Amino acid sequence: METGTFKVKSGLAQMLKGGVIMDVTTPEQAKIAEEAGACAVMALERVPSDIRAAGGVARMADPTIIEQIMKVVSIPVMAKCRIGHFVEAQILESMGVDYIDESEVLTPADENFHVWKHDFKVPFVCGCRDLGEALRRIGEGAAMIRTKGEAGTGNIVEAVRHMRSVMGSVRRVQSMSPDELSAYAKEINAPLELVLELHKTGKLPVVNFAAGGVATPADAALMMQLGADGVFVGSGIFKSSNPSAMAKAVVKAVTHYKDAQILAEISKGLGDAMPGLDIKQIDPDKLISQRGW
């Protein structure tokens, strides 16, 4: 099978199903994540809460940091590029990262176009708030989708909103008659062939993870029960008071997301979760989830 095809790339992402992907900024953190059972790590210079606090322009991480993290773990390593910054993506692909996240957490480089991901052999993950956004990214070649949530807040409300929106729209498409599909594709500005495929199969053609605001094992289990295939945890692990224990607990929560007794047990004695932000108190211009289109 030819490498770099959409089938191969989306197939690779399927292997992460049921897993937790953790943001890490040092080799030491990467080891903690791997030992806790993370299925992959996201190599960053700063976690989203620090990016949010610092303001200014957030760019791709220094390649040195990414290389150092790649050397110490055997699980897949992801890295972020800015929306539309295909040269950052080219650099990351040349370094041999396993996945690229075209991420709204970084400052967008292009306000009109996302990266054309079909040009790359490496699989991409992209964020979405609704089904239209998800299908537009898949149409551009994204091999994996995640909710945008509101990164760096420790507040799960936006991730819940985005997951409910996507899953509700998937159910709506399934119930439509074939003659409604073309008009609906136009309404949500999505490729018609993907809407037709969704109607036929009843599911997205790629894995759909939860991200943005996951701060506790209960948050992770909530997103799984809402239909997520797995969970990204950004600031929630290493901004908590006991990162190693929190990391292990979140991994267990994703595995046992339907068992309330296990969830209660693993939630004990974890110390303080990361400090949280009320979304309503954030200036609308500073909402990360609004980036992208």
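Note that Cβ sites are derived from N, Cα and C of the backbone, with glycine treated the same way.
What Swiss-Prot records for the D-ribose 5-phosphate site is D23, G152, G234, S235, and among G127, G132, G213 the residue it adds there is G213. Look at the recorded positions K80, R164 and count other Cβ atoms within 10 Å of each Cβ; R164 has the fewest. Compute the center of the Cβ atoms of D23, G152, G213, G234, S235, which mark the site for D-ribose 5-phosphate; besides them, the chain residues with Cβ within 8 Å of that center are V47, P48, S49, V105, A151, T153, G154, G212, V214, V233, G236, K239, M274. Look at G234 (D-ribose 5-phosphate binding site): DSSP puts it in coil. Across the residues annotated as binding D-ribose 5-phosphate (D23, G152, G213, G234, S235), the two Cα atoms farthest apart lie 12 Å from each other.
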